[in-house]
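J.: Just passing along the structure, written as structure tokens.
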Amino acid sequence: MRSSARGRPLQAATAFFLSLFFFLRRFERGFWLWGGDSETKVYVGNLGTGAGKGELERAFSYYGPLRTVWIARNPPGFAFVEFEDPRDAEDAVRGLDGKVICGSRVRVELSTGMPRRSRFDRPPARRPFDPNDRCYECGEKGHYAYDCHRYSRRRRSRSRSRSHSRSRGRRYSRSRSRSRGRRSRSASPRRSRSVSLRRSRSASLRRSRSGSIIGSRYFQSRSRSRSRSRSISRPRSSRSKSRSPSPKRSRSPSGSPHRSASPERMD
């Protein structure tokens with residue numbers, strides 16, 4: 001009973017400290033999301049899960065002295081960097097937006113004091129327009145980034161570069177495929193052509209030979225039938241000539257013409 005009574009205050013103390021720890025974590029996150037000076041604070045989005053504080057400090061300290069660097073862990077994917085001078089923050093936004101930091105291409109913007117989402121968060125609800133909010137692109141008040149003229153120019157340049165890169169890739173792939181086709185045609189051995197020619201020639205010769213043999217046999221039989229018909233018709237013609245009537249006058253064997261004997265007169 002005494003041991004159980006002693007363990008209860010320890011459990012209560014641990015629960016209290018854990019709740020205080022999580023409360024401070026949430027307070028810190030809320031401070032970084034909502035509090036602080038928005039002119040010196042920079043939002044870094046699209047970070048990887050393994051982003052380190054030292055890498056961010058090296059990348060952003062190039063533009064000026066830093067106050068603090070805070071990286072979100074639950075959920076991960078974004079961070080906040082606070083400068084001492086607002087001009088250094090603007091230079092960092094212009095220089096590091098779209099660069100590769102911690103193994104991923106990050107998005108760097110000036111903090112406006114409104115909550116942002118990472119890749120793992122749900123999109124926040126829209127709030128009404130505030131004239132004190134600043135643009136992420138030019139840093140001026142009165143409009144947002146999607147209405148900024150710089151953002152439209154950058155988007156047009158990106159679309160043009162993408163279209164140029166796509167057209168170049170298509171041209172390169174087409175030229176490469178054509179060169180491959182030429183290589184395959186030139187690299188094809190001549191033996192295959194000779195073999196195909198031989199095969200086609202042999203097939204044509206076989207066909208012509210078979211046709212000539214059949215034709216010769218046909219013509220031979222036809223010529224034989226014609227010769228037989230001619231040989232049979234020739235003796236008939238000779239017989240018809242022999243049977244034709246002889247001339248009326250026939251000479252005697254002595255050569256004198258044969259005359260019919262007149263009847264002798266009886267004295």
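Here the Cβ of each residue, glycine as well, is placed from N, Cα and C on the backbone.
Reproduced below are the annotations present in Swiss-Prot:
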MOD_RES   LYS53  N6-acetyllysine
MOD_RES   SER61  phosphoserine
MOD_RES   SER192  phosphoserine
MOD_RES   SER194  phosphoserine
MOD_RES   SER196  phosphoserine
MOD_RES   SER210  phosphoserine
MOD_RES   SER212  phosphoserine
MOD_RES   SER221  phosphoserine
MOD_RES   SER223  phosphoserine
MOD_RES   SER225  phosphoserine
MOD_RES   SER260  phosphoserine
MOD_RES   SER262  phosphoserine
REGION    110-127  region 'Sufficient for interaction with NXF1'
REGION    182-255  region '6 X 8 AA repeats of R-R-S-R-S-X-S-X'
REPEAT    190-197  repeat '2'
REPEAT    198-205  repeat '3'
REPEAT    240-247  repeat '5'
J.: In sequence order, which same-chain residues at least six apart have a C-beta under 8 angstroms from the residue listed as 'N6-acetyllysine'?
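T.: Within the chain, the residue listed as 'N6-acetyllysine' has Cβ neighbours under 8 Å at VAL69, ILE71.
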J.: Sort LYS53 (N6-acetyllysine) into helix, strand or coil using the DSSP assignment.
T.: helix
J.: Using a 10 Å cut-off, grab the number of neighbouring Cβ atoms around the Cβ of SER61 (phosphoserine), all chains included.
T.: 15
